[in-house]
Amino acid sequence: MEIILANPRGFCAGVERAIAIVERALEKFGAPIYVRHEVVHNKFVCDDLRAKGAVFVEELDEVPAGSTVIFSAHGVSKAVREDAEARGLKVFDATCPLVTKVHVEVGKMRNQTREVVMIGHKGHPEVEGTMGQSQGGMYLVETADEVAQLQVSDPLHLSFVTQTTLSVDDATVVIDALKQRFPEIQGPKKDDICYATQNRQDAVKELAGKCDLVLVVGSPNSSNSRRLKEVAVGRNVMAFLIDDAEEIEESWLRGKQHIGVTAGASAPETLVERVVMHIQALTGASVTHLKGIEEGISFPLPKDLN
């Protein structure tokens with residue numbers, strides 16, 4: 001049996017930055033440091049930060065006035081920012097710069113009096129943050145079927161943006177449907193789906209062609225991790241999304257010769273290592289690393305935390 005590791009996998013630059021912001025704030029200001037929403041969607045990461053003194057909350061009214069709060073990598077609405085300022089909170093923004101780019105795009109589009117269609121998953125915090133960049137003039141769609149039902153005020157002045165962690169293939173289908181229904185619609189100058197999402201999905205496509213089972217390390221509330229599983233399944237390969245090695249069922253491994261392993265952008269490499277060791281303990285499998293893109297991207301921390 002062979003374990004094949006996808007490349008790239010695991011942490012992206014936005015996740016590394018978000019985690020570093022929480023850790024640096026704890027070092028500089030001490031516990032507790034409040035974080036609005038899970039800073040990244042990974043149970044292992046959040047449990048580790050919680051043990052160090054981070055307190056995760058869903059709404060700012062859970063944060064005592066005058067405290068330090070960090071916005072998660074997924075971004076927040078303008079209303080949340082205004083609320084934080086009104087309550088005198090010291091804010092550090094861990095929003096991924098690639099999500100911020102989408103927020104800026106929405107602002108420019110609305111300033112041009114264009115309505116904006118966002119392609120994304122309803123209820124996801126990134127979508128809520130991006131939709132909250134404008135009071136009105138925005139629509140949310142997830143599928144081509146929803147595009148067919150969409151009614152807008154002015155089809156001639158319409159733009160679209162996307163959630164950064166979508167399936168590239170699924171997003172393309174929805175974008176094509178938008179362009180067919182609204183021929184004058186305009187998109188961003190550069191694709192909103194982030195480099196890490198694209199690279200990890202491409203790596204899984206390669207991996208799926210070499211494996212009869214794919215394990216995606218990531219939490220179930222991680223959008224990009226779920227998309228990786230979907231990409232593998234779309235290549236007609238059995239795939240499972242797991243938080244940690246202990247979730248692996250031995251029955252999955254029976255009769256398999258090549259087991260692919262990857263990780264979502266919010267999953268640390270230590271979890272991948274646990275999965276590899278667990279499979280090796282059960283099967284004695286060898287390990288092969290696929291070649292892939294060397295990303296080499298990093299984002300700076302806020303000045304006050306340097």
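Note that Cβ sites are derived from N, Cα and C of the backbone, with glycine treated the same way.
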Candidate from S159, S167, S266 that Swiss-Prot assigns to the same isopentenyl diphosphate site as H41, H74, H124, S222, S223, N224: S266
List of residues, in chain order, with Cβ under 8 A from that of H74 (dimethylallyl diphosphate binding site) and at least 6 apart: H37, T95, C96, V99, H124, P125, E126, G129
Nonlocal neighbours by CB distance (under 8 Å) for N224 (dimethylallyl diphosphate binding site), same chain, sequence gap 6 or more: T165, A196, T197, R200, G218, G264, A265, S266
Least buried by Cβ count (within 10 Å) of the binding-site residues T164, S223: S223
Most crowded position, judged by CB atoms within 10 A, among H41, H124 as binding-site residues: H41
C194 ([4Fe-4S] cluster binding site) versus binding-site residues H41, T164, S222, S223 - nearest by Cα: T164
Alpha-carbon spacing, H41 (dimethylallyl diphosphate binding site) to C12 ([4Fe-4S] cluster binding site), which is rounded to whole Å: 13
Using Cα positions only, nearest of the binding-site residues to T164 ((2E)-4-hydroxy-3-methylbut-2-enyl diphosphate binding site) (C12, S222, S223): S223
